[in-house]
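Sequence annotations record features per position, and here TrEMBL assigns domain 'Protein kinase' to 21-277. Feature annotation from TrEMBL assigns ATP binding site to Lys49.
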Amino acid sequence: MEWIEEKIKNEDIRYFDYDQFNQISIIGRGRFGIVSKANLANTGLVALKTICSENSEEEHSEFNDEFVKELKLLREVDSHPNINRFLGITKDSEYYILVLEYANEGHLKGYLNKNFASLKWNDKIRMALDIISGLKFLHSKEIIHRDLHSKNILVNNGKLIIADFGLSKKLAEVITNSAGNRYGVVEYVEPQCFKNINYKKDKKSDIYSLGVLLWETSSGRRPYSDCPRNLLNDHIKDGNREKPIEGTLPKYQKLYQICWDDKPKSRPDIEEVHEIISQLNIEDTFNLQFPQPNIQNIDDKSKENDHDDLSISSNYSNRIDAVNSCNNDDNVKKFEGIFKSSDYDLDIDERKLKYKDYNIILCEKCNEKFYGYWYCRKCCINETEEEKYQSQVENQNKSPNASSIIIIGTTKTVHFPEYDDSGIFIEDFLTVV
């Protein structure tokens, strides 16, 4: 530990007197030590990670050498917002203790268990972007995490941060030679590790683990929870992967599937992954802001008298307002990148099917791109009275199962949107007069 003492002396590593910490309470135990939360004077809550070994003196010495190497890495990467910050070191009567940024919402696994039901797709994309941004920073420093899993991703005020990069993995290699610890957490380990005991992990190993994390974020479930633990190694080695969750964004699904490709060379690098998820964040967040339809939202009073004005809940009214705003030029530009020139060779039904997850099709009248209607807003407004009537009849015929609302005293006909079994918004009719 001479290196640590020298760095403390030279003030290259900040040292905190142990008596500066109070209200210390253990929040986790592991094979390699204890994690506590504590209040640091004039700072607030921090995490204290005590790393210790109960093995032989020889192993303990090697353990300390690895600990020092990891501290050097920690000092290099603690400036990124999606990396668990290393604040300094303290020491109790026996051990040096890492002082780290405290994550007030625990690890990702627990966070998903608690909050998944309330997460929207734009939340999941943002969470994925946090993990990817942190990993991109590590890889830019030529640092390989080697042990990415949902307990090594922490959540602090809604922001995801990568923790324990490389540290636990290297310590595991020093302390034990058991296969499980050499691999890491099996669910997130690439199949090459099960095929070749001497396989050395690299950046593409992290990409594989990232793919599993992206699936977990989309599902809220532990990977391979249905597979017996004793069969899991062979299950992954044989090319089995988790099935996509119904309603997953197609681009998001494709992203995690190429990340966990069986062949490392076929996996993208982190820069490619970051570019794809950033585009998703721009393209799909707008699309996903619409609430799911709920016929129950219609005021029950509307059922009592068919001749009364129909009352629609604010939730659905907001949806209509949002759909109306989709034709703004600024909004349309956000989706320009989705289309390819070859798509114009497709007929209208093929285009709707291909882009149903984006709700963008071409107007049957003017061939302009638009969002969510059969006809674009301009063509709807410019319809003649005969055309308006005919389009309403056609729309009703095209969606025989759709619920319609005739607003008495107006010439507006609003049709509830139709969804497929996965909840994907297929088509929305709004005839504006």
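Including glycine, each Cβ sits where the backbone N, Cα and C put it.
Just so you know, TrEMBL annotations are computer predictions that nobody has curated.
Cβ environment of the residue listed as 'ATP binding site': Gly33, Ile34, Val35, Ile97, Leu98, Leu100 lie under 8 Å away, each six or more residues apart in the same chain. In the three-state DSSP reading, the residue listed as 'ATP binding site' counts as strand. Taking the domain 'Protein kinase' (21-277) as a whole, pLDDT averages 87 in the prediction.
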